[in-house]
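Engineer: Here it is: the structure, laid out below.
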Amino acid sequence: MSAVARTPGASRPRRASCFVPRSSALATHLPRRQASAFSASSSSSKAGWSAPSHDEPSLGLSRRGGVVPRRTLATQMWQNDDKDALVPAPRAATAAIEEESNPLAAICVIVSAVLGNITIGVLFTWTFFVAPLEAATGLARATLSLTFSAATASFATTMFLGVGVHAKYPTPLVTAAALLTGGFGIAMAGTLKTFPALIVGFGVLFGITNGIIYGISLSAANQMGSGKYAAVAKGLATGACVGGYTMTPIFFGAPVKALLNSLGPHAALVTLGGIVAGVAIPMFTLYQVGKLQIPVPTIADVDPAAAEIEAKRVKLLQITIFFSSVAPLMCIAHAAGIYASLGGAAANAVGVLSTMSICNWAARIICGAMCDQPNGARLGLRIAAITTTAALGAILGLGSAMGPVGVAAALCVIGYGYGSLMTCMPGITTKLVGASRFGACYGKIFGLGWGIAGVSSAYIAGMVYDATGTYLASVAIAIVLSTCYTALSFHLPDEPER
């Protein structure tokens with residue numbers, strides 16, 4: 001079978017008997033974005049048009065011996081209407097054939113991502129350090145709380161800006177460097193025993209670690225379901241990764257408290273910093289074995305119409321994650337106070353917080369499986385919005401008449417709704433903007449939308465309580481915000497199949 005070759009300086013390719021280049025006709029069958037990519041690959045290929053070879057896989061169709069290779073999306077899009085004149089795929093597309101599934105690589109990557117999120121979840125054990133540090137340093141609790149606010153702001157900022165930076169370097173090395181930096185920061189805060197050391201070490205440095213490790217884990221989960229990671233479903237992987245972030249206070253709260261009681265707050269911080277730094281070794285190894293490399297986000301579509309659609313979707317998701325995060329975070333931050341103010345025993349408040357965290361964790365796993373279904377992420381967000389608003393309404397409308405059990409149940413529903421949000425939001429983002437744009441877009445969505453909510457929510461609830469003397473006013477504000485979240489969830493577009 002003869003082939004058609006483009007010679008340097010030739011104005012057009014020579015025609016062969018079986019393969020005819022029809023780039024102009026082909027472009028009419030492609031969306032603008034694929035047509036541009038096809039045109040670029042065709043013009044830049046030195047080999048030009050060639051017939052499929054028996055020595056390498058091809059996306060073109062072969063009629064030799066009546067054998068038709070496996071059809072892919074590319075062959076369906078690039079096949080001509082004329083069955084006798086086929087357009088072979090350019091070599092650039094041939095090179096993009098997916099790697100074979102490697103279950104071991106997928107498992108290593110997900111285990112490392114979960115381990116990383118459990119490690120950075122140390123951030124939420126800060127609540128156990130506040131009272132001991134207050135006694136040891138004489139600083140007010142409000143002042144010490146600024147450390148957590150600094151960590152949250154640093155986390156969100158890193159998510160907003162970091163993906164396009166750290167993706168340029170080997171992912172295992174970036175992971176190890178981030179954990180060593182965070183561990184050093186925590187240990188420094190415990191060693192220097194000053195408030196600035198707490199802000200810089202635990203707040204800024206460990207906050208940056210949170211942003212990098214959390215961002216890498218989500219990008220790793222986003223690669224699941226195809227290529228060498230085809231053995232693990234993308235949605236379930238996302239749920240497992242973000243679920244790990246809530247496991248630390250649930251399963252490791254007691255050991256951290258024991259560490260505080262035996263060593264004191266500063267020595268406990270030094271020990272915790274050493275543990276965080278030590279996790280760099282297994283995470284580096286697992287990512288290396290899994291051959292994980294977070295891709296640099298692709299440049300936004302040059303097509304003005306497509307770029308405008310993406311920008312509108314990112315803005316909608318930013319607004320949605322803000323309204324959906326503020327209400328539950330207000331309640332989670334002050335859950336013990338809300339429970340006690342409505343008749344619950346203070347001794348039982350810790351158990352309520354633990355149950356809320358378990359519901360939060362379970363929602364992330366369950367909604368991960370939902371995200372693998374058509375429009376599953378959007379459905380998960382709608383269910384979370386409706387149930388969260390209903391639970392807040394019950395607390396405001398019934399108050400102490402609900403009894404301690406009823407209040408605890410409502411708070412657990414709110415915790416479940418927040419867990420659903422943290423899994424479904426990355427799930428719907430990757431479907432709406434595409435896997436290649438996920439890192440850049442979700443960094444903006446989470447970094448700005450959740451960042452503002454995370455920094456302001458606890459402060460808003462506390463300020464309103466100080467002004468009114470009751471948490472019901474804070475709950476009323478949360479209902480308004482959650483109602484906006486519900487309305488926004490019903491304006492989210494259909495999730496395209498990708």
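Keep in mind that glycine also has a Cβ here, set from the backbone N, Cα and C atoms.
From TrEMBL, for reference:
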- 37-52: compositional bias 'Low complexity' (COMPBIAS)
- 37-65: region 'Disordered' (REGION)
- 104-130: transmembrane segment (TRANSMEM)
- 142-161: transmembrane segment (TRANSMEM)
- 173-192: transmembrane segment (TRANSMEM)
- 198-217: transmembrane segment (TRANSMEM)
- 229-247: transmembrane segment (TRANSMEM)
- 267-287: transmembrane segment (TRANSMEM)
- 319-340: transmembrane segment (TRANSMEM)
- 346-367: transmembrane segment (TRANSMEM)
- 379-399: transmembrane segment (TRANSMEM)
- 405-424: transmembrane segment (TRANSMEM)
- 445-465: transmembrane segment (TRANSMEM)
- 471-492: transmembrane segment (TRANSMEM)
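Please situate the listed features within the shown structure.
Structural biologist: Within the same chain, residues 141, 144-145, 147-148, 151, 155, 175, 179, 182, 186, 202, 206-207, 209-210, 213-214, 216-217, 220-221, 223-224, 228-232, 237, 240-249, 252-253, 256-257, 260, 265, 268-269, 272, 275-276, 279, 282-283, 286-287, 289-292 sit at least 6 positions outside the transmembrane segment (104-130) and bring their C-beta atoms closer than 8 Å to a C-beta of that stretch.
Among residues of the same chain six or more beyond the transmembrane segment (142-161), those with a C-beta under 8 A of the stretch's C-beta atoms are 123, 126, 130, 133-134, 195, 198-199, 202-208, 210-212, 214-215, 442-444, 446-448, 450-452, 454-455, 458-459.
Within the chain carrying the transmembrane segment (198-217), a Cβ under 8 angstroms from the stretch's Cβ atoms is held by residues 113-114, 116-117, 119-120, 122-123, 126, 133, 144, 146-159, 162-163, 166, 171, 174-175, 178-179, 181-182, 184-189, 192, 241-242, 244-245, 269, 276, 294, 439, 443, 447, all 6 or more beyond its ends.
Same-chain residues lying 6+ beyond the ends of the transmembrane segment (229-247) with a Cβ under 8 Å from its Cβ atoms: 98, 101-103, 105-107, 109-110, 113-118, 120-121, 124, 214, 217-218, 220-223, 357, 360-361, 364-373, 376-377, 419, 422-423, 426-427, 430.
Only residues 6 or more beyond the boundaries of the transmembrane segment (346-367), in the same chain, are considered here, and those with a CB under 8 A from a CB of the stretch are 235-236, 239-240, 242-243, 246-247, 249-250, 253, 332, 335-336, 339-340, 376-377, 380, 384, 404, 408, 411-420, 422-424, 427.
Packing against the transmembrane segment (379-399) from elsewhere in the chain are residues 320, 324, 327-328, 331, 338, 342, 363, 367, 370-371, 406-407, 410-411, 413-414, 416-418, 420-421, 423-425, 427-428, 472, 475-476, 478-479, 482-483, 485-486, 488-490, 492: each is 6 or more residues past its ends and has a CB under 8 Å from a CB in it.
Taking Cβ pairs closer than 8 Å, the transmembrane segment (471-492) reaches residues 316, 319-320, 323-324, 326-328, 330-331, 334, 337-338, 341-342, 378, 381-382, 384-386, 388-389, 392-393, 395-396, 399, 428, 460-461, 464-465 in its own chain, all 6 or more past its ends.
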Engineer: So which residues does the transmembrane segment (319-340) touch in its own chain, when a touch means Cβ under 8 Å and the partner is 6 or more beyond its ends?
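Structural biologist: Apart from its flanks, the transmembrane segment (319-340) reaches 346, 348-350, 352-353, 356, 381, 384-385, 388, 392, 395, 404, 407-408, 411, 414-415, 417-418, 421, 425, 445-446, 448-450, 452-454, 456-458, 460-462, 465, 471, 474-475, 477-479, 481-482, 484-485, 488-489, 492.
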Engineer: Quickly jot the same-chain residues contacting the transmembrane segment (405-424) by Cβ under 8 Å, restricted to those at least six beyond its ends, or write none.
Structural biologist: 235, 238-239, 242-243, 245-246, 321, 324-325, 327-329, 331-332, 335, 338-339, 342-344, 348, 352, 355-357, 359-364, 366-368, 370-371, 376-378, 380-381, 383-385, 387-388, 390-392, 394-395, 398
